[in-house]
């Protein structure tokens, strides 16, 4: 146990995740291609969409039955093991909440815990085969490094039959190329397939389809288009169709989730009597096509904002907060998925959601939670001290009342030398810190010489420094 002292020289605080102890690095993933007996009898594959060949929902066949893995307690270390089972050298990431779509059948593993060095997933701890309280909405996926294990024998790896997938969609202006401002909000719908960018047949095309396409491109809604003009234009041009029979409900976050059909290679007649599908999207406030459009949008009367994003590093991401009875609150992540996240994104003027984050990935809710005596819990109030457990390497400092500005952050560990150490010189850290109301930048940090006269002079000359200091 090590005491932490965080004192305040001003009425302001700071919320920041501080790495107060050395983080234990994940063990280097093994690249040995040999298989241990534990993997015998199991088969592995990547499934779901949209995805690339080295990513997807992990499925395991055991006793002749295919099943999935629950994302509870899933880590990058488990992803390393599974990627090696699939014949890749290592994992670069993992996904939760059925990002590649929910699977079917049994959920074979739950609470999977791996160190990352195991040769087989059977060596990892879990609740046991087939013992799970999860649903397929919690299926885990992996993103493997696109590098195969040398000499790997893939006799136990079954890849899902390669089907065509719609991974990318774009709008190509039919007229006035080079003169239209960005972003492109109207044009021919094109999908990227192995043969290149191909058009979509407009037979049976609906407003629901347009809604999904606009959402994929970052636009909140669609508008009517002059189809007669584009049909006349299509008669003078040659087109290459790759997709037809698109039928979306309108709530899909991706075109690949809609019912659709691909043309076969031997289809000599494509889209008879039809033309390329054309979509016109309405840009949100952040992506208005011109200053005149921005002014027009700003002039419209706007109601009270009832949904907002907080804690994100970029526009369009953050913790979802809703206003009710004049009080801002958060949304529980139970059954939170892409469809629900897309509703929020469109309400805020964006398109469909790219990812639905859970587990307070963007921080907990701008209400004070931390007391002066936390007794080892994660989180502390400025001006207080706490004893934290050895397995907590990150402390949260409350900045509920902090105004945007430039600050100095200073943290001292073991300030009263109550714990014996071989070297006390690295127990103090001092940094310049900038807060814009949403994000924090920490830079020019010093450890060891944080209290030296030279360091103090350097911080005193920091431009725009306010008189408020966090120590």
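Note that Cβ sites are derived from N, Cα and C of the backbone, with glycine treated the same way.
Per TrEMBL, the feature compositional bias 'Low complexity' maps to 290-302. What TrEMBL lists as disulfide bond is 70-134, 83-144, 114-124, 248-258. As annotated by TrEMBL, domain 'SRCR' applies to 44-145, 169-282, 307-365. Taken from TrEMBL, the feature region 'Disordered' applies to 289-315. The signal peptide annotation in TrEMBL covers 1-25.
Recorded features from TrEMBL, shown on the structure.
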residue	record	Cβ contacts under 8 Å, 6 or more apart
70	disulfide bond	107, 109, 110, 111, 112, 132, 134, 138, 139, 140
114	disulfide bond	75, 77, 78, 80, 81, 121, 123, 124, 125
144	disulfide bond	54, 55, 79, 83, 86, 88, 89, 90, 91, 92
248	disulfide bond	206, 208, 209, 211, 212, 255, 257, 258, 259
For the disulfide-bonded residues 83, 124, 134, 258, the one whose C-beta sees the most other C-beta atoms within 10 angstroms: 83
Residues in the domain 'SRCR' (307-365) grouped by DSSP into helix, strand and remaining coil: 10 helix, 14 strand, 35 coil
